[in-house]
Amino acid sequence: MQIQPSTQSPATLRFLAAISTGTIQLGFTLFKLNTGPLNESVRPVEHRRNYSFASSTVAVLRRQSFLIRALGGGIHHKVDSTTGSIMQETEADAVSIIRAITPTLDPTRHKGQAGRIAVIGGCREYTGAPYFAAISALKIGADLSHVFCTKDAAPIIKSYSPELIVHPVLEESYSVREEERKQVSVKVVAEVDKWMERFDCLVVGPGLGRDPFLLDCVSEIMKHARHSNVPIVVDGDALFLVTNNLDLVHGYPLAVLTPNVNEYKRLVQKVLKCEVDDADAHKQLSSLSKQIGGVTILRKGRSDLISDGDLVNSVSIYGSPRRCGGQGDILSGSVFLFVCASVAVFLSWAHRDSVAADRNPTILGCIAGSALLRKAVSLAFETRKRATLTTDIIECLGRR
């Protein structure tokens, strides 16, 4: 089906114009299965899109319209080899999406308008992860980056960089007596909550650990963030927490889960009661997202898959050939810690920017964050080869 330019809105035409000026080839693919009218019933009323279909034909047209608005591309059709069903494929330029949602460097702006990110994580065992996430947010372009960590971790994280605002407010079980836990928990949550309205996005999980008392406190922090409509990127040990308490994110469209291979496997087993099916990865990811109420999931891999239950996006540009015996560990391990920071920054920009007003900003933020990270990995590998470390990739964030 060929969409004529004259049928597109001014916003779509502007977006198509931006794509046409790009110098890099189309970078990600968006898939949509023909599975009937979109199911928005699982989402809170204030976040539902108002879809009304008179017939299945109208449903298809509306889906196509949404794809065009979201990504400004032409629609092609192909047959799913495993199911025989028709799959819609729309390609667009990830770089143009980054350009569309990244705020300009305007001298009239003041500190904080380009993004204020908070990382919830960091304990006595893990101090590198929250640092990587927080410093990456600044490197990408956020104005302010906070870290809420345990008292043991704070001096170490502070020593890594003076640019970070470190709050030593979290507590672990060993430092709190049983009879004081409720009182301390209330105090910890209150310390974070008083900052909540200032943040554009929360990154929960880097270096968090699995201390039961600490996880209980973080659960309450996530509930407060959700009540305040603050976007949440869930990573690392917070995914362990969410897997065992899906109500923390269920039905919250501003939540993004960023699982690695093992974390994704646990999610699939918990939610879908089956094993990971790489042969039908797109459909399984879409089903997983739907079962969690339309939460956006970014699954890392050779191609990064992103879905909100309605759409499945694949980001495959850039990356590195160093995959076996090294690069896989980097992508799913330490480097993955600042995938969440990259997504967090673009997520905050996409939700602010009027350019993304008629699109799903959560999806756009994930696409932009994934593409930027893959570009940084590619640049770092060009110079460092097998010696590539997380710090080398962070230094390449934002380079051409």
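Even glycines carry a Cβ here, placed using N, Cα and C.
Worth saying up front: this structure is predicted, and the values here are computed from it rather than measured.
Database features, via TrEMBL:
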BINDING   Gly207, Asn260, Val261, Asn262, Glu263, Tyr264, Lys265, Arg266, Asp329  (6S)-NADPHX binding site
BINDING   300-304, 319-328  ATP binding site
DOMAIN    94-400  domain 'YjeF C-terminal'
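Sequence features, as recorded in TrEMBL, placed on the structure.
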residue : record                   : Cβ within 10 Å
Gly207  : (6S)-NADPHX binding site : 28
Val261  : (6S)-NADPHX binding site : 13
Glu263  : (6S)-NADPHX binding site : 25
Lys265  : (6S)-NADPHX binding site : 13
Lys300  : ATP binding site         : 22
Arg302  : ATP binding site         : 11
Asp304  : ATP binding site         : 25
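Confidence for the domain 'YjeF C-terminal' (94-400), expressed as mean pLDDT, is 88. Ranking the binding-site residues Lys300, Arg302, Asp304 by the distance of their Cα atoms from the Cα of Glu263 ((6S)-NADPHX binding site) places Lys300 first. Asp304 (ATP binding site) sits 12 Å from Val261 ((6S)-NADPHX binding site), taking the CA atoms of both as reference points. Cα of Gly207 ((6S)-NADPHX binding site) to Cα of Lys300 (ATP binding site): a span of 19 Å.
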